[in-house]
Amino acid sequence: MTDVGLASVLPPGAWIGFGLVGLSFMVALRSGRTGAIVLSLMATVLVLHGLGVVAEPEMRFHVAWRHIGIADYIVNRGEVDPNLDAYQNWPAFFALTAFLWQATGVGDPTAALTWTPVAYNLLYLVPLVAIGHRMFRDRTVVWLAAWLFTVSNWIGQDYFSPQGWYLFIYLVVLAVLLEWFTPDVSTFGSARVLGVSRPPVQHRSWWRSLWSSAAPALGSPVTTPGRRTALLALVLLLSAVTIAGHQLTPFALVLGTGAAFLVGWSRLRALPVVLLLGTLAWIGYAAAAYAAGHPETFNQAGALSAIFEQTVGQRLSGSPGHELIVQLRLLATPVLWALAAVGVYRLVRSGRRDLARGLAVLALSTFPLLAAQSYGGEALMRIAFFALPFMALLAAVGLAGPSPSTARRSALVPALVVGLLLVMAFPFTRYGNERMDFFMPDEVVGVQEMYRLTPPGSVITSVTGALPWRSIRYGDDDYRLLVDGNPVESTPDIGREGTVDIDIPDRAVLAAQVASRMAPAPGQRSVLLVSRAQGAELDLMGPFPPGAEDRLLAVLRTSPAFRTIYANDNVTVFELTGGARA
(Lines of atoms letter the chains of each structure in order from A; the text may use other names.)
(Lines give C-alpha, C1' and ligand atoms only; values in the text may rest on other atoms or scores of the structure.)
Protein backbone atom coordinates (compact mmCIF):
# COMPACT_ATOMS: atom_id res chain seq x y z
CA MET A 1 0.00 0.00 0.00
CA THR A 2 1.37 3.40 -1.01
CA ASP A 3 0.78 6.85 0.44
CA VAL A 4 -2.46 7.24 -1.55
CA GLY A 5 -4.06 4.57 0.60
CA LEU A 6 -6.38 1.71 -0.16
CA ALA A 7 -6.86 2.72 -3.81
CA SER A 8 -3.27 1.65 -4.53
CA VAL A 9 -4.00 -2.02 -3.77
CA LEU A 10 -7.54 -2.43 -5.12
CA PRO A 11 -7.85 -4.91 -8.00
CA PRO A 12 -9.35 -3.82 -11.35
CA GLY A 13 -12.56 -5.69 -10.53
CA ALA A 14 -13.17 -3.36 -7.57
CA TRP A 15 -13.17 -0.31 -9.83
CA ILE A 16 -15.59 -2.02 -12.18
CA GLY A 17 -17.78 -2.70 -9.16
CA PHE A 18 -17.73 0.97 -8.18
CA GLY A 19 -18.87 1.93 -11.67
CA LEU A 20 -21.68 -0.64 -11.56
CA VAL A 21 -22.83 0.81 -8.24
CA GLY A 22 -23.33 4.20 -9.88
CA LEU A 23 -24.98 2.79 -12.96
CA SER A 24 -27.34 0.55 -11.01
CA PHE A 25 -28.57 3.44 -8.89
CA MET A 26 -29.25 5.63 -11.91
CA VAL A 27 -31.12 2.77 -13.62
CA ALA A 28 -33.21 2.28 -10.47
CA LEU A 29 -33.82 6.01 -10.18
CA ARG A 30 -34.92 6.19 -13.79
CA SER A 31 -37.35 3.30 -13.25
CA GLY A 32 -39.05 5.22 -10.44
CA ARG A 33 -39.60 2.04 -8.39
CA THR A 34 -39.04 2.79 -4.73
CA GLY A 35 -37.99 -0.74 -3.83
CA ALA A 36 -35.29 -0.84 -6.49
CA ILE A 37 -34.04 2.62 -5.49
CA VAL A 38 -33.81 1.68 -1.82
CA LEU A 39 -31.97 -1.57 -2.57
CA SER A 40 -29.53 0.22 -4.85
CA LEU A 41 -28.96 2.91 -2.24
CA MET A 42 -28.27 0.29 0.42
CA ALA A 43 -25.87 -1.47 -1.95
CA THR A 44 -24.00 1.80 -2.45
CA VAL A 45 -23.61 2.21 1.31
CA LEU A 46 -22.42 -1.38 1.69
CA VAL A 47 -19.92 -1.23 -1.16
CA LEU A 48 -18.38 2.16 -0.39
CA HIS A 49 -18.61 2.38 3.39
CA GLY A 50 -18.20 -1.34 3.91
CA LEU A 51 -15.04 -1.47 1.80
CA GLY A 52 -12.78 -0.81 4.77
CA VAL A 53 -14.64 -3.36 6.86
CA VAL A 54 -14.34 -6.13 4.29
CA ALA A 55 -10.88 -5.33 2.95
CA GLU A 56 -9.15 -4.80 6.29
CA PRO A 57 -8.61 -7.34 9.05
CA GLU A 58 -9.22 -5.12 12.08
CA MET A 59 -11.27 -2.09 13.09
CA ARG A 60 -9.99 1.15 11.56
CA PHE A 61 -8.89 4.25 13.47
CA HIS A 62 -7.06 4.21 16.77
CA VAL A 63 -9.68 6.59 18.17
CA ALA A 64 -12.37 3.91 17.76
CA TRP A 65 -10.33 1.56 19.97
CA ARG A 66 -10.00 4.30 22.56
CA HIS A 67 -13.77 4.79 22.51
CA ILE A 68 -14.23 1.11 23.34
CA GLY A 69 -11.89 1.66 26.27
CA ILE A 70 -14.01 4.52 27.60
CA ALA A 71 -17.13 2.34 27.51
CA ASP A 72 -15.13 -0.46 29.16
CA TYR A 73 -14.11 1.97 31.90
CA ILE A 74 -17.78 2.75 32.64
CA VAL A 75 -18.73 -0.94 32.52
CA ASN A 76 -16.06 -1.89 35.03
CA ARG A 77 -16.36 1.08 37.39
CA GLY A 78 -19.98 2.07 37.02
CA GLU A 79 -19.06 5.76 37.03
CA VAL A 80 -17.07 8.42 35.23
CA ASP A 81 -14.11 10.48 36.38
CA PRO A 82 -14.44 14.10 35.19
CA ASN A 83 -10.80 14.74 36.04
CA LEU A 84 -9.57 12.07 33.62
CA ASP A 85 -10.30 13.61 30.20
CA ALA A 86 -12.91 15.39 28.06
CA TYR A 87 -14.82 12.20 27.28
CA GLN A 88 -15.61 11.69 30.94
CA ASN A 89 -17.23 15.14 31.03
CA TRP A 90 -19.55 14.36 28.10
CA PRO A 91 -20.22 10.67 28.77
CA ALA A 92 -23.77 10.04 27.47
CA PHE A 93 -22.71 8.21 24.30
CA PHE A 94 -20.29 5.99 26.18
CA ALA A 95 -22.76 5.37 29.01
CA LEU A 96 -25.31 4.21 26.43
CA THR A 97 -22.68 1.98 24.84
CA ALA A 98 -21.79 0.54 28.24
CA PHE A 99 -25.46 -0.15 28.99
CA LEU A 100 -25.98 -1.96 25.68
CA TRP A 101 -22.71 -3.82 26.15
CA GLN A 102 -23.85 -5.17 29.50
CA ALA A 103 -27.45 -5.75 28.41
CA THR A 104 -26.45 -7.84 25.40
CA GLY A 105 -23.82 -9.81 27.28
CA VAL A 106 -21.30 -9.43 24.46
CA GLY A 107 -17.79 -10.20 25.60
CA ASP A 108 -15.85 -8.28 22.96
CA PRO A 109 -17.86 -5.78 20.87
CA THR A 110 -15.01 -4.98 18.47
CA ALA A 111 -16.21 -7.21 15.63
CA ALA A 112 -19.71 -5.72 15.71
CA LEU A 113 -18.48 -2.13 16.08
CA THR A 114 -16.28 -2.57 13.00
CA TRP A 115 -19.50 -2.27 10.97
CA THR A 116 -20.42 1.08 12.54
CA PRO A 117 -19.72 3.13 9.36
CA VAL A 118 -22.21 1.03 7.41
CA ALA A 119 -24.81 1.20 10.18
CA TYR A 120 -24.44 4.95 10.65
CA ASN A 121 -24.69 5.74 6.94
CA LEU A 122 -27.86 3.66 6.65
CA LEU A 123 -29.30 5.47 9.67
CA TYR A 124 -28.49 8.90 8.26
CA LEU A 125 -30.61 8.20 5.21
CA VAL A 126 -33.82 7.81 7.23
CA PRO A 127 -34.12 11.41 8.54
CA LEU A 128 -32.48 12.78 5.39
CA VAL A 129 -35.13 11.20 3.17
CA ALA A 130 -37.86 12.34 5.59
CA ILE A 131 -36.57 15.93 5.37
CA GLY A 132 -36.37 15.69 1.60
CA HIS A 133 -39.89 14.34 1.29
CA ARG A 134 -41.15 17.23 3.41
CA MET A 135 -39.57 19.77 1.08
CA PHE A 136 -39.95 18.28 -2.39
CA ARG A 137 -42.85 16.59 -4.12
CA ASP A 138 -40.36 15.28 -6.68
CA ARG A 139 -39.01 12.01 -5.31
CA THR A 140 -36.22 12.02 -7.90
CA VAL A 141 -34.61 14.93 -6.09
CA VAL A 142 -34.97 13.25 -2.70
CA TRP A 143 -33.45 9.91 -3.68
CA LEU A 144 -30.70 11.56 -5.68
CA ALA A 145 -29.85 13.69 -2.63
CA ALA A 146 -29.63 10.56 -0.48
CA TRP A 147 -27.26 8.97 -2.98
CA LEU A 148 -25.11 12.10 -3.30
CA PHE A 149 -24.86 12.21 0.48
CA THR A 150 -23.66 8.61 0.52
CA VAL A 151 -21.00 8.98 -2.18
CA SER A 152 -19.81 12.35 -0.80
CA ASN A 153 -19.46 11.32 2.84
CA TRP A 154 -15.73 10.67 2.69
CA ILE A 155 -15.20 12.80 5.81
CA GLY A 156 -14.58 9.79 8.04
CA GLN A 157 -16.48 10.88 11.15
CA ASP A 158 -18.87 7.92 11.00
CA TYR A 159 -16.71 5.36 12.78
CA PHE A 160 -17.63 4.26 16.31
CA SER A 161 -17.71 7.77 17.74
CA PRO A 162 -20.01 10.26 19.47
CA GLN A 163 -19.97 12.68 16.53
CA GLY A 164 -21.06 9.94 14.16
CA TRP A 165 -24.03 9.04 16.35
CA TYR A 166 -25.02 12.63 17.10
CA LEU A 167 -25.24 13.61 13.43
CA PHE A 168 -28.10 11.10 13.27
CA ILE A 169 -29.72 12.72 16.33
CA TYR A 170 -29.19 16.17 14.80
CA LEU A 171 -31.01 15.11 11.63
CA VAL A 172 -33.81 13.42 13.58
CA VAL A 173 -34.48 16.59 15.60
CA LEU A 174 -34.59 18.72 12.46
CA ALA A 175 -36.79 16.16 10.70
CA VAL A 176 -39.28 16.28 13.58
CA LEU A 177 -39.33 20.09 13.51
CA LEU A 178 -39.82 20.26 9.76
CA GLU A 179 -42.48 17.56 9.68
CA TRP A 180 -44.65 18.53 12.63
CA PHE A 181 -43.77 22.02 13.78
CA THR A 182 -43.74 24.11 10.62
CA PRO A 183 -46.08 27.12 10.69
CA ASP A 184 -48.10 26.24 7.59
CA VAL A 185 -48.85 23.14 5.54
CA SER A 186 -47.94 25.02 2.37
CA THR A 187 -44.45 25.82 3.63
CA PHE A 188 -42.79 23.28 1.38
CA GLY A 189 -45.52 21.98 -0.89
CA SER A 190 -46.59 25.00 -2.90
CA ALA A 191 -44.79 26.97 -5.55
CA ARG A 192 -44.68 29.89 -3.12
CA VAL A 193 -42.84 28.38 -0.18
CA LEU A 194 -42.14 29.88 3.19
CA GLY A 195 -44.56 32.64 2.41
CA VAL A 196 -45.71 32.92 6.00
CA SER A 197 -44.67 35.38 8.63
CA ARG A 198 -43.14 34.15 11.84
CA PRO A 199 -45.32 34.19 14.93
CA PRO A 200 -44.67 37.20 17.18
CA VAL A 201 -42.43 36.67 20.15
CA GLN A 202 -44.32 36.96 23.42
CA HIS A 203 -42.85 37.54 26.84
CA ARG A 204 -43.54 34.48 28.97
CA SER A 205 -41.68 31.72 30.77
CA TRP A 206 -39.37 29.53 28.70
CA TRP A 207 -41.50 26.45 29.22
CA ARG A 208 -44.76 28.22 28.38
CA SER A 209 -43.12 29.79 25.34
CA LEU A 210 -41.78 26.43 24.22
CA TRP A 211 -45.13 24.70 24.83
CA SER A 212 -47.26 27.34 23.16
CA SER A 213 -45.03 27.29 20.09
CA ALA A 214 -45.50 23.55 19.79
CA ALA A 215 -48.96 23.88 18.23
CA PRO A 216 -49.29 21.47 15.33
CA ALA A 217 -48.80 22.49 11.74
CA LEU A 218 -52.01 22.98 9.80
CA GLY A 219 -52.91 19.67 8.25
CA SER A 220 -50.37 17.82 10.38
CA PRO A 221 -51.25 14.37 11.69
CA VAL A 222 -50.30 15.57 15.18
CA THR A 223 -53.59 16.98 16.43
CA THR A 224 -53.86 15.96 20.08
CA PRO A 225 -52.17 17.42 23.15
CA GLY A 226 -50.81 13.99 23.99
CA ARG A 227 -49.07 13.67 20.66
CA ARG A 228 -47.75 17.20 20.89
CA THR A 229 -46.36 16.45 24.32
CA ALA A 230 -44.75 13.23 23.10
CA LEU A 231 -43.04 14.94 20.18
CA LEU A 232 -41.88 17.87 22.28
CA ALA A 233 -40.58 15.44 24.90
CA LEU A 234 -38.75 13.51 22.17
CA VAL A 235 -37.05 16.66 20.89
CA LEU A 236 -36.04 17.72 24.40
CA LEU A 237 -34.83 14.23 25.32
CA LEU A 238 -32.69 13.89 22.20
CA SER A 239 -31.33 17.38 22.75
CA ALA A 240 -30.49 16.64 26.40
CA VAL A 241 -28.67 13.45 25.45
CA THR A 242 -26.74 15.41 22.85
CA ILE A 243 -25.76 18.11 25.35
CA ALA A 244 -24.50 15.43 27.74
CA GLY A 245 -22.73 13.45 25.05
CA HIS A 246 -20.63 15.69 22.84
CA GLN A 247 -18.80 19.01 22.97
CA LEU A 248 -19.57 20.31 19.47
CA THR A 249 -22.93 18.87 18.37
CA PRO A 250 -25.04 20.80 20.93
CA PHE A 251 -23.86 24.06 19.40
CA ALA A 252 -24.64 22.69 15.94
CA LEU A 253 -28.10 21.81 17.23
CA VAL A 254 -28.56 25.33 18.62
CA LEU A 255 -27.57 26.82 15.27
CA GLY A 256 -29.63 24.34 13.24
CA THR A 257 -32.84 24.79 15.24
CA GLY A 258 -32.26 28.52 15.34
CA ALA A 259 -31.85 28.60 11.57
CA ALA A 260 -35.06 26.61 11.13
CA PHE A 261 -36.94 29.17 13.21
CA LEU A 262 -35.38 32.19 11.52
CA VAL A 263 -36.47 31.03 8.07
CA GLY A 264 -39.94 30.19 9.35
CA TRP A 265 -39.59 26.41 9.34
CA SER A 266 -40.08 25.85 13.06
CA ARG A 267 -42.63 27.13 15.56
CA LEU A 268 -40.44 26.14 18.53
CA ARG A 269 -39.08 29.65 18.86
CA ALA A 270 -37.73 29.13 22.38
CA LEU A 271 -36.01 25.84 21.57
CA PRO A 272 -32.66 27.28 20.38
CA VAL A 273 -32.44 29.46 23.51
CA VAL A 274 -33.30 26.54 25.78
CA LEU A 275 -30.67 24.39 24.07
CA LEU A 276 -28.04 27.12 24.36
CA LEU A 277 -28.75 27.63 28.04
CA GLY A 278 -28.66 23.89 28.62
CA THR A 279 -25.35 23.58 26.78
CA LEU A 280 -23.75 26.42 28.73
CA ALA A 281 -25.11 25.01 31.98
CA TRP A 282 -23.55 21.63 31.21
CA ILE A 283 -20.18 23.21 30.47
CA GLY A 284 -20.37 25.38 33.58
CA TYR A 285 -21.45 22.66 36.00
CA ALA A 286 -21.26 19.07 34.78
CA ALA A 287 -18.09 19.69 32.75
CA ALA A 288 -16.63 22.28 35.12
CA ALA A 289 -13.59 20.10 35.87
CA TYR A 290 -12.62 19.97 32.22
CA ALA A 291 -13.41 23.64 31.55
CA ALA A 292 -11.29 24.75 34.50
CA GLY A 293 -8.37 22.54 33.53
CA HIS A 294 -8.34 23.36 29.82
CA PRO A 295 -8.78 27.11 29.36
CA GLU A 296 -6.96 26.87 26.01
CA THR A 297 -10.07 25.17 24.62
CA PHE A 298 -11.96 28.44 24.91
CA ASN A 299 -9.10 30.85 24.23
CA GLN A 300 -9.07 30.15 20.48
CA ALA A 301 -12.39 31.89 19.87
CA GLY A 302 -12.00 34.46 17.11
CA ALA A 303 -8.41 33.51 16.23
CA LEU A 304 -9.34 32.77 12.63
CA SER A 305 -5.82 32.64 11.20
CA ALA A 306 -4.65 30.15 13.81
CA ILE A 307 -7.80 28.05 13.39
CA PHE A 308 -7.40 28.03 9.61
CA GLU A 309 -3.76 27.02 9.93
CA GLN A 310 -4.66 24.05 12.12
CA THR A 311 -7.68 22.94 10.12
CA VAL A 312 -6.27 23.40 6.61
CA GLY A 313 -2.66 24.54 6.51
CA GLN A 314 -1.16 21.80 8.65
CA ARG A 315 -3.04 19.13 6.70
CA LEU A 316 -1.28 20.16 3.50
CA SER A 317 2.11 18.98 4.74
CA GLY A 318 3.48 15.47 4.49
CA SER A 319 4.53 13.05 1.80
CA PRO A 320 3.65 13.74 -1.88
CA GLY A 321 1.04 10.98 -1.80
CA HIS A 322 -0.59 12.42 1.29
CA GLU A 323 -0.60 15.90 -0.22
CA LEU A 324 -2.36 14.48 -3.29
CA ILE A 325 -5.06 12.96 -1.09
CA VAL A 326 -5.57 16.26 0.74
CA GLN A 327 -5.90 18.07 -2.57
CA LEU A 328 -8.48 15.55 -3.81
CA ARG A 329 -10.46 16.04 -0.61
CA LEU A 330 -10.27 19.80 -0.94
CA LEU A 331 -11.61 19.40 -4.50
CA ALA A 332 -14.38 16.86 -3.82
CA THR A 333 -16.21 18.91 -1.20
CA PRO A 334 -16.24 22.21 -3.17
CA VAL A 335 -17.59 20.30 -6.18
CA LEU A 336 -20.65 19.33 -4.13
CA TRP A 337 -20.92 22.85 -2.72
CA ALA A 338 -20.78 24.29 -6.23
CA LEU A 339 -23.62 21.97 -7.29
CA ALA A 340 -25.51 23.15 -4.21
CA ALA A 341 -25.06 26.75 -5.37
CA VAL A 342 -26.50 25.72 -8.74
CA GLY A 343 -29.43 24.19 -6.85
CA VAL A 344 -30.06 27.48 -5.07
CA TYR A 345 -30.04 29.26 -8.41
CA ARG A 346 -32.47 26.78 -9.98
CA LEU A 347 -34.85 27.04 -7.04
CA VAL A 348 -34.83 30.81 -7.24
CA ARG A 349 -35.43 30.70 -10.99
CA SER A 350 -38.38 28.35 -10.49
CA GLY A 351 -40.06 30.72 -8.03
CA ARG A 352 -39.12 28.83 -4.87
CA ARG A 353 -36.92 31.56 -3.48
CA ASP A 354 -37.84 30.91 0.15
CA LEU A 355 -37.06 27.19 -0.12
CA ALA A 356 -33.68 28.08 -1.63
CA ARG A 357 -33.03 30.51 1.21
CA GLY A 358 -34.10 28.06 3.89
CA LEU A 359 -31.98 25.17 2.61
CA ALA A 360 -28.98 27.44 2.15
CA VAL A 361 -29.32 28.81 5.68
CA LEU A 362 -29.53 25.29 7.13
CA ALA A 363 -26.53 24.16 5.07
CA LEU A 364 -24.47 27.11 6.29
CA SER A 365 -25.84 27.26 9.83
CA THR A 366 -22.93 25.44 11.49
CA PHE A 367 -20.16 27.40 9.74
CA PRO A 368 -19.94 29.98 12.57
CA LEU A 369 -18.49 27.18 14.70
CA LEU A 370 -15.29 27.55 12.71
CA ALA A 371 -14.63 30.83 14.50
CA ALA A 372 -14.90 29.19 17.92
CA GLN A 373 -11.92 26.82 17.89
CA SER A 374 -9.96 24.41 15.70
CA TYR A 375 -11.33 21.36 17.51
CA GLY A 376 -8.03 19.52 17.26
CA GLY A 377 -7.66 20.51 13.62
CA GLU A 378 -10.97 18.92 12.66
CA ALA A 379 -13.36 21.88 12.91
CA LEU A 380 -13.80 22.32 9.16
CA MET A 381 -14.36 18.60 8.64
CA ARG A 382 -16.97 18.49 11.40
CA ILE A 383 -18.76 21.52 9.94
CA ALA A 384 -18.73 19.97 6.47
CA PHE A 385 -20.15 16.82 8.06
CA PHE A 386 -23.15 18.70 9.50
CA ALA A 387 -23.65 20.68 6.28
CA LEU A 388 -23.49 17.64 4.00
CA PRO A 389 -27.18 16.53 4.19
CA PHE A 390 -28.47 19.94 3.12
CA MET A 391 -25.71 20.46 0.59
CA ALA A 392 -26.71 17.11 -0.92
CA LEU A 393 -30.36 18.19 -1.17
CA LEU A 394 -29.38 21.40 -2.95
CA ALA A 395 -26.89 19.58 -5.18
CA ALA A 396 -29.62 17.15 -6.22
CA VAL A 397 -31.75 20.12 -7.27
CA GLY A 398 -28.77 21.51 -9.16
CA LEU A 399 -28.47 18.26 -11.13
CA ALA A 400 -32.09 17.17 -11.60
CA GLY A 401 -34.10 20.37 -11.25
CA PRO A 402 -36.53 21.46 -8.53
CA SER A 403 -39.81 20.03 -9.81
CA PRO A 404 -41.21 17.00 -11.68
CA SER A 405 -41.41 18.97 -14.91
CA THR A 406 -37.67 19.61 -14.88
CA ALA A 407 -36.61 16.24 -13.50
CA ARG A 408 -36.65 14.61 -16.92
CA ARG A 409 -34.78 11.43 -17.64
CA SER A 410 -32.20 13.40 -19.60
CA ALA A 411 -31.46 15.38 -16.45
CA LEU A 412 -30.04 12.22 -14.90
CA VAL A 413 -27.12 12.21 -17.36
CA PRO A 414 -25.16 14.94 -15.57
CA ALA A 415 -26.09 13.30 -12.27
CA LEU A 416 -24.59 10.04 -13.53
CA VAL A 417 -21.39 11.76 -14.68
CA VAL A 418 -20.92 13.65 -11.41
CA GLY A 419 -21.90 10.60 -9.36
CA LEU A 420 -19.41 8.33 -11.12
CA LEU A 421 -16.64 10.87 -10.55
CA LEU A 422 -17.46 11.02 -6.84
CA VAL A 423 -17.69 7.22 -6.60
CA MET A 424 -14.34 6.73 -8.33
CA ALA A 425 -12.76 9.37 -6.10
CA PHE A 426 -14.20 7.80 -2.95
CA PRO A 427 -11.43 5.18 -2.38
CA PHE A 428 -8.94 8.06 -2.47
CA THR A 429 -10.84 10.64 -0.44
CA ARG A 430 -12.22 8.19 2.13
CA TYR A 431 -9.34 5.72 2.42
CA GLY A 432 -6.39 7.90 1.43
CA ASN A 433 -4.69 7.72 4.84
CA GLU A 434 -5.21 3.99 5.18
CA ARG A 435 -1.54 3.18 5.69
CA MET A 436 -1.83 4.68 9.17
CA ASP A 437 -5.58 4.21 9.75
CA PHE A 438 -5.78 0.42 9.42
CA PHE A 439 -4.23 -2.19 11.68
CA MET A 440 -2.85 -5.65 11.04
CA PRO A 441 -3.85 -8.50 13.38
CA ASP A 442 -0.25 -8.55 14.63
CA GLU A 443 -0.63 -4.99 15.86
CA VAL A 444 -3.73 -5.84 17.86
CA VAL A 445 -2.01 -8.95 19.26
CA GLY A 446 1.06 -6.91 20.14
CA VAL A 447 -0.99 -4.44 22.17
CA GLN A 448 -2.83 -7.27 23.92
CA GLU A 449 0.48 -8.92 24.80
CA MET A 450 1.81 -5.62 26.13
CA TYR A 451 -1.16 -5.40 28.50
CA ARG A 452 -0.63 -9.01 29.56
CA LEU A 453 3.05 -8.42 30.31
CA THR A 454 2.62 -5.19 32.28
CA PRO A 455 0.61 -4.53 35.44
CA PRO A 456 -1.98 -1.76 35.74
CA GLY A 457 -0.38 1.53 36.62
CA SER A 458 2.48 1.16 34.13
CA VAL A 459 3.89 3.91 31.95
CA ILE A 460 2.84 3.04 28.40
CA THR A 461 4.43 5.13 25.66
CA SER A 462 3.62 5.08 21.97
CA VAL A 463 5.61 6.72 19.19
CA THR A 464 2.42 8.29 17.78
CA GLY A 465 -1.27 7.77 18.45
CA ALA A 466 -1.65 5.33 15.52
CA LEU A 467 -2.02 2.24 17.70
CA PRO A 468 -5.03 0.06 18.65
CA TRP A 469 -4.49 0.73 22.33
CA ARG A 470 -6.46 1.94 25.36
CA SER A 471 -9.40 -0.37 24.65
CA ILE A 472 -8.83 -1.73 28.16
CA ARG A 473 -7.22 -0.25 31.30
CA TYR A 474 -8.31 3.16 30.03
CA GLY A 475 -7.81 5.04 33.29
CA ASP A 476 -5.33 2.67 34.89
CA ASP A 477 -2.06 3.48 33.12
CA ASP A 478 0.11 6.51 32.45
CA TYR A 479 -0.14 6.96 28.67
CA ARG A 480 2.41 9.05 26.80
CA LEU A 481 3.54 9.90 23.25
CA LEU A 482 7.03 10.36 21.85
CA VAL A 483 5.96 12.43 18.86
CA ASP A 484 3.39 15.18 19.12
CA GLY A 485 4.09 16.51 15.64
CA ASN A 486 0.69 15.71 14.13
CA PRO A 487 -1.85 18.13 15.64
CA VAL A 488 -4.78 16.67 13.71
CA GLU A 489 -4.28 13.43 15.61
CA SER A 490 -3.63 15.01 18.99
CA THR A 491 -5.02 13.46 22.13
CA PRO A 492 -5.30 16.10 24.86
CA ASP A 493 -5.39 13.69 27.81
CA ILE A 494 -2.14 11.89 26.93
CA GLY A 495 1.01 13.08 28.68
CA ARG A 496 3.38 14.99 26.41
CA GLU A 497 6.26 17.38 26.67
CA GLY A 498 6.85 18.22 23.01
CA THR A 499 8.33 16.03 20.29
CA VAL A 500 11.33 13.75 20.68
CA ASP A 501 13.63 14.42 17.73
CA ILE A 502 13.80 10.95 16.18
CA ASP A 503 15.97 12.30 13.36
CA ILE A 504 18.77 13.40 15.68
CA PRO A 505 22.13 11.98 14.44
CA ASP A 506 23.57 11.18 17.88
CA ARG A 507 22.13 7.80 18.89
CA ALA A 508 23.05 8.16 22.53
CA VAL A 509 21.24 11.50 22.76
CA LEU A 510 18.16 10.02 21.07
CA ALA A 511 18.14 7.07 23.47
CA ALA A 512 18.45 9.44 26.41
CA GLN A 513 15.56 11.58 25.16
CA VAL A 514 13.33 8.53 24.73
CA ALA A 515 14.27 7.24 28.18
CA SER A 516 13.51 10.65 29.67
CA ARG A 517 10.06 10.67 28.08
CA MET A 518 9.39 7.18 29.44
CA ALA A 519 10.71 7.93 32.93
CA PRO A 520 8.55 6.09 35.50
CA ALA A 521 7.82 6.82 39.11
CA PRO A 522 9.28 4.50 41.72
CA GLY A 523 7.64 1.09 41.47
CA GLN A 524 6.34 1.61 37.95
CA ARG A 525 7.23 -0.34 34.85
CA SER A 526 7.69 1.63 31.65
CA VAL A 527 7.27 0.26 28.11
CA LEU A 528 7.35 1.69 24.60
CA LEU A 529 5.45 0.32 21.62
CA VAL A 530 6.76 0.79 18.08
CA SER A 531 4.41 -0.39 15.32
CA ARG A 532 3.92 -0.47 11.55
CA ALA A 533 1.03 2.04 11.63
CA GLN A 534 3.13 4.50 13.63
CA GLY A 535 5.87 4.33 11.03
CA ALA A 536 3.27 4.90 8.32
CA GLU A 537 1.96 7.98 10.15
CA LEU A 538 5.46 9.41 10.45
CA ASP A 539 6.07 8.80 6.74
CA LEU A 540 2.71 10.32 5.74
CA MET A 541 2.46 13.26 8.11
CA GLY A 542 5.99 14.00 9.26
CA PRO A 543 7.58 15.89 10.89
CA PHE A 544 10.60 13.70 10.05
CA PRO A 545 12.06 12.35 6.80
CA PRO A 546 10.85 8.90 5.63
CA GLY A 547 12.26 5.95 7.54
CA ALA A 548 12.14 7.64 10.96
CA GLU A 549 10.71 4.55 12.63
CA ASP A 550 13.52 2.33 11.30
CA ARG A 551 16.11 4.71 12.73
CA LEU A 552 14.33 4.67 16.08
CA LEU A 553 14.17 0.87 16.13
CA ALA A 554 17.88 0.64 15.37
CA VAL A 555 18.68 2.88 18.34
CA LEU A 556 16.37 1.10 20.77
CA ARG A 557 17.64 -2.37 19.83
CA THR A 558 21.26 -1.43 20.46
CA SER A 559 20.85 0.77 23.53
CA PRO A 560 21.46 -0.84 26.95
CA ALA A 561 18.66 1.33 28.35
CA PHE A 562 16.00 -0.82 26.64
CA ARG A 563 15.20 -4.47 26.28
CA THR A 564 12.69 -6.16 23.99
CA ILE A 565 9.94 -7.96 25.90
CA TYR A 566 7.74 -8.78 22.91
CA ALA A 567 8.03 -8.59 19.13
CA ASN A 568 6.21 -9.75 16.02
CA ASP A 569 6.32 -8.62 12.39
CA ASN A 570 4.41 -5.39 13.07
CA VAL A 571 4.93 -4.46 16.73
CA THR A 572 7.90 -4.33 19.06
CA VAL A 573 7.52 -3.67 22.79
CA PHE A 574 10.53 -2.28 24.63
CA GLU A 575 10.92 -1.97 28.37
CA LEU A 576 12.98 0.74 29.99
CA THR A 577 15.55 -1.25 31.92
CA GLY A 578 16.19 1.56 34.37
CA GLY A 579 12.57 1.42 35.58
CA ALA A 580 11.66 -0.57 38.65
CA ARG A 581 9.93 -3.84 37.93
CA ALA A 582 6.85 -5.22 39.63
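The backbone N, Cα and C atoms fix where each Cβ goes, and this holds for glycine too.
Feature list (source: TrEMBL):
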type	residues	note
TRANSMEM	12-29	transmembrane segment
TRANSMEM	36-55	transmembrane segment
TRANSMEM	112-133	transmembrane segment
TRANSMEM	163-182	transmembrane segment
TRANSMEM	251-268	transmembrane segment
TRANSMEM	273-292	transmembrane segment
TRANSMEM	324-348	transmembrane segment
TRANSMEM	355-373	transmembrane segment
TRANSMEM	379-399	transmembrane segment
TRANSMEM	411-429	transmembrane segment
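Sequence-remote contacts of a segment are chain residues at least 6 beyond its ends whose Cβ falls under 8 Å from one of its Cβ atoms, and for the transmembrane segment (163-182) they are 93, 116-117, 120, 123-124, 127-128, 130-131, 134-135, 157, 188, 213-214, 216-217, 220-222, 231, 234-235, 238-239, 241-242, 245-246, 248-249, 252-253, 256-257, 260, 264-268, 271, 362, 382, 385-386, 389. With a cut-off of 8 Å between Cβ atoms, the residues of this chain six or more beyond the transmembrane segment (112-133) that come close are 41-42, 45-46, 49-50, 52-53, 58-60, 64, 68, 106, 139, 141-143, 145-146, 149-150, 153, 158-160, 164-165, 167-168, 171-172, 174-175, 178-179, 389, 392-393. Counted over residue pairs separated by six or more positions, the transmembrane segment (324-348) shares fewer than 3 Cβ pairs under 8 angstroms with the transmembrane segment (273-292), which leaves the two as not touching. Within the same chain, residues 124, 128, 131-132, 135-136, 141-142, 144-146, 148-149, 152-153, 155-157, 163, 167, 170-171, 248, 252, 256, 307, 310-312, 333, 336-337, 339-347, 356, 359-360, 362-367, 369-370, 372-373, 411-412, 414-415, 418 sit at least 6 positions outside the transmembrane segment (379-399) and bring their C-beta atoms closer than 8 Å to a C-beta of that stretch. Counting only same-chain residues 6+ beyond the ends of the transmembrane segment (12-29), those with a CB under 8 A from a CB of the stretch are 36-37, 39-41, 43-44, 47-48, 140, 143-144, 147, 151, 412, 415-416, 419-420, 423-424, 426-427.
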